[in-house]
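**Q** One structure is given below, represented as structure tokens, and several questions about it will come after.
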10 protein chains.
Amino acid sequence: MSQPAAAPIMNKEVAPFANLPSMNNLFFQAKARKGLSFEAIAKHLGKDEVWVAAAFYGQAKFTEEELKKLSDLLGVSSSSAVAQIGDNWFPYRGTLVEFPPRDPVIYRLFEGISVYGTAIKAIINEKFGDGIMSLIDCKVTIDKKENPKGDRVILTFDGKFLPYAKW
Amino acid sequence: MSQPAAAPIMNKEVAPFANLPSMNNLFFQAKARKGLSFEAIAKHLGKDEVWVAAAFYGQAKFTEEELKKLSDLLGVSSSSAVAQIGDNWFPYRGTLVEFPPRDPVIYRLFEGISVYGTAIKAIINEKFGDGIMSLIDCKVTIDKKENPKGDRVILTFDGKFLPYAKW
Amino acid sequence: MSQPAAAPIMNKEVAPFANLPSMNNLFFQAKARKGLSFEAIAKHLGKDEVWVAAAFYGQAKFTEEELKKLSDLLGVSSSSAVAQIGDNWFPYRGTLVEFPPRDPVIYRLFEGISVYGTAIKAIINEKFGDGIMSLIDCKVTIDKKENPKGDRVILTFDGKFLPYAKW
Amino acid sequence: MSQPAAAPIMNKEVAPFANLPSMNNLFFQAKARKGLSFEAIAKHLGKDEVWVAAAFYGQAKFTEEELKKLSDLLGVSSSSAVAQIGDNWFPYRGTLVEFPPRDPVIYRLFEGISVYGTAIKAIINEKFGDGIMSLIDCKVTIDKKENPKGDRVILTFDGKFLPYAKW
Amino acid sequence: MSQPAAAPIMNKEVAPFANLPSMNNLFFQAKARKGLSFEAIAKHLGKDEVWVAAAFYGQAKFTEEELKKLSDLLGVSSSSAVAQIGDNWFPYRGTLVEFPPRDPVIYRLFEGISVYGTAIKAIINEKFGDGIMSLIDCKVTIDKKENPKGDRVILTFDGKFLPYAKW
Amino acid sequence: MSQPAAAPIMNKEVAPFANLPSMNNLFFQAKARKGLSFEAIAKHLGKDEVWVAAAFYGQAKFTEEELKKLSDLLGVSSSSAVAQIGDNWFPYRGTLVEFPPRDPVIYRLFEGISVYGTAIKAIINEKFGDGIMSLIDCKVTIDKKENPKGDRVILTFDGKFLPYAKW
Amino acid sequence: MSQPAAAPIMNKEVAPFANLPSMNNLFFQAKARKGLSFEAIAKHLGKDEVWVAAAFYGQAKFTEEELKKLSDLLGVSSSSAVAQIGDNWFPYRGTLVEFPPRDPVIYRLFEGISVYGTAIKAIINEKFGDGIMSLIDCKVTIDKKENPKGDRVILTFDGKFLPYAKW
Amino acid sequence: MSQPAAAPIMNKEVAPFANLPSMNNLFFQAKARKGLSFEAIAKHLGKDEVWVAAAFYGQAKFTEEELKKLSDLLGVSSSSAVAQIGDNWFPYRGTLVEFPPRDPVIYRLFEGISVYGTAIKAIINEKFGDGIMSLIDCKVTIDKKENPKGDRVILTFDGKFLPYAKW
Amino acid sequence: MSQPAAAPIMNKEVAPFANLPSMNNLFFQAKARKGLSFEAIAKHLGKDEVWVAAAFYGQAKFTEEELKKLSDLLGVSSSSAVAQIGDNWFPYRGTLVEFPPRDPVIYRLFEGISVYGTAIKAIINEKFGDGIMSLIDCKVTIDKKENPKGDRVILTFDGKFLPYAKW
Amino acid sequence: MSQPAAAPIMNKEVAPFANLPSMNNLFFQAKARKGLSFEAIAKHLGKDEVWVAAAFYGQAKFTEEELKKLSDLLGVSSSSAVAQIGDNWFPYRGTLVEFPPRDPVIYRLFEGISVYGTAIKAIINEKFGDGIMSLIDCKVTIDKKENPKGDRVILTFDGKFLPYAKW
């Protein structure tokens, strides 16, 4: 490897998670070494930045083409990437966050459901009928709205409504 | 009371929650009897519909003026409303939803955090720095985006970014 | 009411659940008094018997037309039924079963996931790709296959495959 | 070993489970290297694919004959396989899936019990009497029903009915 | 009722359980008033005493004939008994004991599994092969073996061995 | 060591437990290599097979004499055995089984308490008075009763009755 | 009743427990009305005060003779007491304290186990061998040792040592 | 090291705890090698044996002088001991015992609180007023009272009473 | 009662707690009817307002003199108050707040421990030695520090340091 | 490294936490070797000591400048520090303390919320209105108030009040 002999950046520097595929750990380390933001990587891949971050955390699945592009960008072995987490690998989602979450950033999302969950259900039912907002066909975006009193985080879930089937 | 002697609508018809202030139960029953949507009530009060639903569920606080307007609209005693949940009453938030939530509508929100929580944290930190999206100064909205392949739920959290204080 | 003054059948005779809408309790009591099976009720309504049982337990939503047909069959007030759990009421699903379930019938289903869950995930991913079997667009049926060595229960989930959306 | 020096595929690439017998990890790695599906392996062994996947995850027990056939197919040592997980080894089942499961594929099965569990119990009792569907004498199959509106997953549990013994 | 106006014996005097069918509570009260042991009742019904106690606690199902015999013995209405918990009623088992149990009598059973569970599994597997001892086709008996150093409780589970099916 | 260079049998092939004393792991490996059943070992030691299995799992305490006999039988160092788990070592019992247990063999024992626990308590109290069946002075045996309809497991707990002391 | 019409003292004034036999609630109310300490009652009954308090909380069993003496002292109906919690009633122990306990008095006992539990086990094993201190044959006493720097609570468990049986 | 090349005694032979400071593990191993009881060590240090056992388990803090005396007695490096767990180290107490504890010796202590906790609180309050028995200023002792019917364990907590402050 | 026939204010309007002594509920209702703040009540009693609020919630103990003063102020029966929660009653503390707390005000306190707990322990140990800050001899105060950028809450725990006793 | 070959001080000597970034472990080890208090380090950095301790435990974020100053003071590589936990790293807070905490120092903080949490909420609401004390814009300090009867710990949270936004 041609990187300078800087202190190695282990995955626990990134997040205290033990179960990621080893390829993903390499991605995190390379991203840190290269100083790339998810936004920059997402632009390079033509994907959304939240989705790319999710894929780094093993919560979404890169296509083999995306894996190759990403490996090239990060300077890691693309054949290893494809062999490990290519078409024959499927994410085992949802195991990173403990509930209730303790990190204050993630806890506030939990508080959002805890406080507003029943209201959100009531409005979805009133506006759409008996059914749910899909989390499978759902896009998550984060925007920054500048504001002199304090910038605002605009977090949006854009999910397909699925009505309960009749049978 | 001048309503027809229809079957009384108890709160458990609305939601299986036992701890709401009794006034809120009266609001739910009157809303059902009058066939009013949260959207209609919200328009009458000049508030957002998610906020109004949250206040019905005891998760937000009406002003006394709002309580009077609402009581008149629903045909319940406004003096009782003010005496019970007026200026001297404060919501005890967050006790309605058990975790992990079981109702599929609310569960999908939980799945959103479980799957995308670490990605959302990563992007907020990259975009804004070390801090959180406030859930106190936060507005929640739900919009319906019509789509021939299936309408979409647009659920948005618009919260102030709060950086960690230096000390 | 014209039924003989038999001992009243309370819902806890049916199942130890406290949170059902009161109308559903009346349905259970009338069903027991009339000695009707879910199969018979389902035939009368033109629906599947598992779905009808689910709706009795507050886990699915009758249309107003179905409520009227059902009320007539069971001899309960259809206007009460419509007022309480008609178009303006939405199920709050999933709160009846505690996990891990203790009743051996329900526990065995849980054991099915506990033992075969990872295998089922692996086969769904291999056969369909990255996605899930929907439980919203899903039909559940139970058939009896007679067998001299012991009859067999054929429990089938027929759910739509939902691939993860690209974004 | 004669395999090309590709990136080693560790078990955590397959699934985040730590307790599988080491032989099973070798099976998973060889299956990935050879690009074999469970369907292909099952056909080779004359077994059902869900059962074979379950056995890979340590949830079912290969006979020694099956272990030899499988080892030959995968190119791993059959004597090691027999020594480790042959006739003297018995599965310790049910430890892979945490409840409630977080992976959305497995969660939907859980939701199936959570929402329809009491209905399934009611119908089994009505159709078969006081007893259970066995999960010991039970076959699980997954079929793909093609459908222009979206293919459907047909997941079937075919289990023997066991009546409660009289004593 | 012809009993003397003694203090009513509520079910919480018997055991702190709230969810039993009301008929079962009447059975417990009548048993206490008449001073009948489970042994005496079991002899009258031609059943085992542990089974009869289990049925009192709603964990087993009397036939209608047994219900009539029992009601006559206890002096309660047999038609009420049959209407409530007769052929159309099925036990919802397993909800009385919280785990870990706190009552020392029940806790010691739990300790038996906690300490000897893996040994019992190992011996069952060695003696019978891959399968389980059924708890559906299982008879539980308690005998008293007198012993000058302290009488001994002989608690026996006599359950059918069920081998895992091949598929 | 004179054993053939077969694949090493790690403890996780035996059971997924991490906390056993290392000597016990050696015992398990030697038992597997030698193909000895617990029954054969128990006969050699003049002990009951369930007790011997329990001691292998660290749930009972061998005397130093038993350790020597066992080490000789299994071909491991008896001085190591005595040094590690001899007279100065005491079992830390009860940590192997998680509750509710997931393995179906052990779960059925749990179901036995869950369903019949209150009945067992009631009968013990009626037959013996206020007290418990000891799990300290308790012998556990497993017998096989052959039966053309399916062999039966006879699992017996033979424990001393301990009455509550008066003070 | 001849007591003055003071405010009734409900059991929740004594302790927030719902599951005590109703007789025990009457005992608590009468004890409060009469201003009797457990020490005084214990002296009257010739028993230890901790034991008497335990019996008030349903954690120990009065003999019928003790029930009569106690009822007379407290001015409640002794025949009711005997009918309800006499010889045919057995305590269902251990359900009053939630763990970890929150009340600081009880929590400190829990902290005693949490901090010193392994040390206590080590010393019992070293001093007595492989076995336990019985909680069935165990007397608990509380003494007050006056001390100018602050009085001291002397809490003593005096329990029989039970060695593990050989089998 | 001059000890004979006996089988190394790892900490898991002593107790299944992973988080002790490494020095404490060395203490446990040396204590086992030298065959010293806690009583002997305590006498050497002029401390109570329960306290010494607690300090071995990381639940109390040796002074540097005690560390030196202890290291000399056990034949381990006293400078290492002081560097690691000397004056600058503070115990992180209470993490060894899981609740409810499973080991029967420790469980019985738990059962003591579970059964007698409310009685103990009641007597402490009656005898001392509103306050607690301190577990910080508390001495724990274990004595052996010989008895022909079975020796008795005398476990005593001698803790300062702390009244609630007035403010 | 001379208050106007306003809607009764039930305790659930104040806080969703079921286990308070009934006298405390009367206090809350009277406080609301009279529109008195805790500050005003505290001034009247010569106590701190946090302490008075704690006593209202059953978490501290009024003297009989305080109960009389308070009853007079609130217009409730002081003899009832003394009879119910006077000298013979002791608080059962700590049962109102579930953990993790959901109400955002209380959750933030929990987050304070979750994030800063280990740092607080480290500093207390460094500054004071091996011991704790007492919560028995501890005063809690809340002050408002006005600030043009947003007022600040000054929450202070002033607790006695208790060093671990030597024994 | 030029330090004397003292016994290495592993992080578990400091606190039983496994997930800290490796740089933080180096900081703890260097702090112990150099015998520096948090107070001394804080003075050097111009920060508060509680904040510095929190940052050591990975609960706050050093700026790169602070990291350099700190690395120089402790004699560790500042480039490693910046590479690992510099500007591109964000704390994953709140994972060190398990709830309920067991260490008595941290437990007492928990007891503070458990006992006084509802009172604190009530006073904050009365004094400030509907909102919270921020834990993001919050400063935590610990002072020692000397007192002949026992020194006192003054623990202060100084947090910004955040009113609920109107929408």
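Any Cβ shown, glycine's included, is placed from N, Cα and C.
These figures come from a predicted structure and were not determined experimentally.
As annotated in TrEMBL:
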type	residues	note
DOMAIN	I:95-167	domain 'Cyanate lyase C-terminal'
ACT_SITE	I:Arg108	active site
ACT_SITE	I:Glu111	active site
ACT_SITE	I:Ser134	active site
**Q** Within the domain 'Cyanate lyase C-terminal' (I:95-167) only, compute the mean pLDDT.
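**A** That region's mean pLDDT is 96.
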**Q** Taking the Cβ of I:Glu111 (active site) as the centre, count every other Cβ atom within 10 Å, in any protein chain shown.
**A** 23
**Q** Count the Cβ atoms, other than its own, that fall within 10 Å of the Cβ of I:Ser134 (active site), considering every protein chain shown.
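**A** 22, counting other Cβ atoms within 10 Å of I:Ser134 (active site).
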**Q** By DSSP assignment, list the helix, strand and coil residue numbers for the domain 'Cyanate lyase C-terminal' (I:95-167), in that order.
**A** 25 helix, 27 strand, 21 coil
**Q** Provide, as an integer number of angstrom, the distance between the C-alpha atoms of I:Glu111 (active site) and I:Ser134 (active site).
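**A** Just about 20 Å between their Cα atoms.
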**Q** What's the CA-CA gap between I:Ser134 (active site) and I:Arg108 (active site) in angstrom, rounded?
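**A** Here the two Cα atoms are 21 Å apart.
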**Q** Taking chain H as the partner, extract the active-site residues from I:Arg108, I:Glu111, I:Ser134 whose Cβ is under 8 Å from a partner Cβ; order them by sequence and answer 'none' if none remain.
**A** I:Ser134
**Q** In sequence order, what residues of the same chain, 6+ apart, have a Cβ less than 8 Å from the Cβ of I:Arg108 (active site)?
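**A** Correct list: empty, so none.
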